[in-house]
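According to TrEMBL, the features are:
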type	residues	note
REGION	1-102	region 'Disordered'
COMPBIAS	88-97	compositional bias 'Basic residues'
DOMAIN	105-133	domain 'C2H2-type'
DOMAIN	134-161	domain 'C2H2-type'
DOMAIN	162-189	domain 'C2H2-type'
DOMAIN	190-217	domain 'C2H2-type'
DOMAIN	218-245	domain 'C2H2-type'
DOMAIN	246-273	domain 'C2H2-type'
DOMAIN	274-301	domain 'C2H2-type'
DOMAIN	302-329	domain 'C2H2-type'
DOMAIN	330-357	domain 'C2H2-type'
DOMAIN	358-381	domain 'C2H2-type'
């Protein structure tokens with residue numbers, strides 16, 4: 001039976017008598033009537049007085065359901081020990097954890113729900129309104145989040161603080177490094193049920209699924225072209241404004257997006273990281289390698305509903321459909337000629353400026369298009385068939 005004095009000695013933490021006392025305690029030495037014995041075989045206590053000093057009520061009492069003195073050896077595996085007598089004390093506490101599954105703030109436009117209104121929901125609403133209140137002072141590009149602007153600034157400063165331990169490649173975002181590491185492990189957790197293609201990250205997988213459904217929820221108000229991502233629409237708008245804020249330091253060529261500039265730089269460095277296992281041909285982009293592989297398999301999953309012609313890329317099908325509609329949304333400001341593709345308009349403009357950035361290493365002749373240069377090179381190195389020796393180089 002526990003006496004009132006014992007309850008005063010071993011009272012609930014957070015209560016009026018939180019302090020634990022034993023015969024080694026200074027308080028017990030000054031009181032002749034107090035005695036406490038810790039034995040290996042059990043715990044026996046005889047206390048006849050209550051400590052005069054009691055600690056202030058613990059502010060965390062609400063988080064604690066119960067405290068008990070364990071009648072077990074002092075070196076018990078579970079629980080904690082008293083700082084005074086090393087008796088084992090078990091704490092059974094239940095702290096309230098936030099329920100991460102609850103998302104009480106829905107979007108009135110698309111119905112998607114969020115946990116926080118002031119951050120998650122408000123940021124999401126900008127994908128519908130197109131609001132981008134955070135502009136870059138360097139290139140003028142705007143963003144819907146301040147955190148995204150902060151990351152974007154690294155494209156100008158060149159800062160890449162996240163390094164791959166395997167190959168040493170650096171990245172401006174930790175998420176990009178995480179995805180990159182899967183290129184070494186070969187891990188692809190997200191597979192498309194339609195075509196079987198696998199992806200290393202969920203966001204890319206979700207955007208890929210739209211290529212099969214044909215959903216393009218972001219239309220251009222100028223030409224009517226639609227996109228699967230709002231960011232793609234934002235970059236596309238530059239084809240109408242002519243804005244190319246990302247210039248190449250080597251050749252001066254400018255691009256509408258930082259990603260295209262990054263890929264373009266590989267032309268100067270000769271970097272081709274992605275190799276075809278079938279023919280050994282290398283590419284500077286993984287997407288180009290993926291498309292190239294279809295030349296071996298003959299896969300053309302994108303079919304025109306009008307004429308039945310098939311294509312290996314959804315973008316090629318989209319451009320092809322304009323041959324049926326006659327749509328030419330890209331117009332030259334100089335001569336008024338219109339084109340179905342922005343890239344064709346870009347090449348056409350060089351006929352007015354006289355720009356010829358592609359030069360032949362053999363004779364020095366320059367061209368406005370890379371394809372024209374490739375055809376020209378064949379005049380210097382021709383391949384003809386010889387009946388006796390097969391292929392002969394002239």
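For all residues, glycine too, the Cβ spot is worked out from N, Cα and C.
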Outside the domain 'C2H2-type' (274-301), six or more residues from its ends: residues with CB under 8 Å to it: 195, 197, 263, 266-267, 310-313
Beyond the flanks of the domain 'C2H2-type' (162-189) by at least 6 residues, Cβ under 8 Å: 151, 154-155, 198-201
For the domain 'C2H2-type' (105-133), distant same-chain residues with Cβ under 8 A (at least six beyond the ends): 142-145, 230, 234
